[in-house]
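*Asks:* Below you'll find the structure I mean.
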Amino acid sequence: MGQTHLLLLACFWVLSTCSLLLDASSDGLLRINLNKKRLDKEALTAAKLAKKESNLRRSVGADQYLSASTDDIVPLDNYLDTQYFGQISIGTPPQNFTVIFDTGSSNLWVPSSKCYFSIACYLHHRYKSTKSKTYTKNGESCTITYGSGQIAGFFSEDNVLVGNLVVQNQKFIETTRETSPTFIIGKFDGILGLGFPEISVGGAPPIWQSMKQQKLVAKDVFSFWLNRDPDASSGGGEPVFGGVDPKHYKGDHTYVPVTRKGYWQFDMGDLIIGGHSTGFCAGGCAAIVDSGTSLLAGPTTIVAQVNHAIGAEGIISTECKEVVSEYGEMILELLISQTSPQKVCTQIGLCVFDGAHSVSNPIESVVEKQKRGSDLFCTACEMAVVWIQNQLRENKTKELILNYANQLCERLPSPNGESTVDCHQISKMPNLAFTIANKTFTLTPEQYIVKLEQAGQTICISGFMAFDVPPPRGPLWILGDVFMGAYHTVFDFGENRIGFAKSA
């Protein structure tokens, strides 16, 4: 990752227009209400391309303490439950831009009027430094690399208006090249990063750090409420700078410390499917909260189990089924004989053991390893060990255990990451739950399934996608908008912690 933005915008972006309505509410907070748009059939085709191209990147009483009348609120538009964006302004007089408020990156960038050779720039608002009285030249060049494209440009400094807060002399990027189709199709002009300075390209302070230094916020926090109701008239959500809005959550927040600055990273426990452990993260996994990621991204081993439990259709992995067919009984016998799970695949010759763990550990994405020959068999074996071990704990018969592992092979995620489900079966799907700070955070099927509707047609997408990160950073979960829509999230940079409470 380093200074490369891990922007997993697993979303469905299309070109459209939106109208703005400024509303000065009675509580003194400035709200920007944006209209919502729906999906059309042509957009779905473009959406798949966009998503493929964009894959890269409690204390009691605390909530009352964080809430303040000086909170700054920037309402968001919710586009198809997969893209949230709001308006900021740069310069004097202000030039308006629509941006993704992204906790998975740290830089602010918008297209430049000096961007001449990228189509994306001509389809979006461009910053004109000559029109701003508060512009300060910087000129330092920079590049941010994404999974299949880049932005490049140079740094400038100017005043940035976020809600009703004016951040003076904010360092930001004017892009002069945007090479990914995502930026052409996307409804946003740029990105406003809300991660830590440690991953900021060029050492530019994230906007919240500038707010803190300029004493613009009452409390050293910002919070997110994402509205998942597609028919609601209350907008798509709100990031609130300087506190929290008590209308947007129920009960108290559960807080966990930030374990690694850069992304908003913390230690997470197991994922539970219908009350049963998935095993892989039973001893703990790292997780980051990323508002720039539409779905929930996690280890392939677990996502395959989720897909099986909810009946999602993914790619059929021949290698995985072959491992289960030829080595399933041997794996089962070794586990019964108390062989260490980390050594099973080495003993049957599918992985190379270095004395501590398999050389190929951790499990990388099956899709990414298709060109790596025998490595895929090691990967499939390691996944099968986890699955079979879980079934042994349930005291299942050999036949049921091997049949279950074979079925999971069929549920491995598709190459583009997405998996579809039968919309008529949602009510029969199990609840899924994350363990955070020894507490259970449940997602119902209605919360983890994304519905795309148009002209009477409905497509249902699993909110889970596979993404494998090697140690020491991984295994890693990325809790994107699907999770943040269910749980109001507080990013407390004063205390270096993250808080979760049920969204209201």
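First residue shown is number 1, and so on along the chain.
Just so you know, glycine gets a Cβ as well, placed from its N, Cα and C.
OK, TrEMBL features for this one:
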- 1-19: signal peptide (SIGNAL)
- 84-501: domain 'Peptidase A1' (DOMAIN)
- Cys115-Cys121: disulfide bond (DISULFID)
- 315-355: domain 'Saposin B-type' (DOMAIN)
- 374-415: domain 'Saposin B-type' (DOMAIN)
- Cys423-Cys460: disulfide bond (DISULFID)
*Asks:* Sequence gap of 6 or more, Cβ distance under 8 Å: name the residues on the same chain that satisfy this around Cys460 (disulfide bond), in order along the sequence.
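*Replies:* Set apart from Cys460 (disulfide bond) by at least 6 residues yet with Cβ under 8 Å, we have Thr420, Val421, Asp422, Cys423, Ile426, Ile449, Val450, Lys451, Leu452.
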*Asks:* When the pLDDT values for the domain 'Saposin B-type' (315-355) are averaged, what is the result?
*Replies:* 84
*Asks:* Where DSSP helix means H, G or I and strand means E or B, what are the helix, strand and coil counts for the domain 'Saposin B-type' (374-415)?
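*Replies:* DSSP composition of the domain 'Saposin B-type' (374-415): 32 helix, 0 strand, 10 coil.
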*Asks:* Tally the residues of the domain 'Saposin B-type' (315-355) by DSSP class, grouping H, G and I as helix, E and B as strand, and everything else as coil.
*Replies:* 26 helix, 1 strand, 14 coil
*Asks:* By a 10 A CB contact count over all chains shown, which of the disulfide-bonded residues listed here is most packed: Cys115, Cys423?
*Replies:* Cys115
*Asks:* If you draw a 10 Å sphere on the Cβ of Cys121 (disulfide bond), how many other Cβ atoms land inside?
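*Replies:* Cys121 (disulfide bond): 24 neighbouring Cβ atoms within 10 Å.
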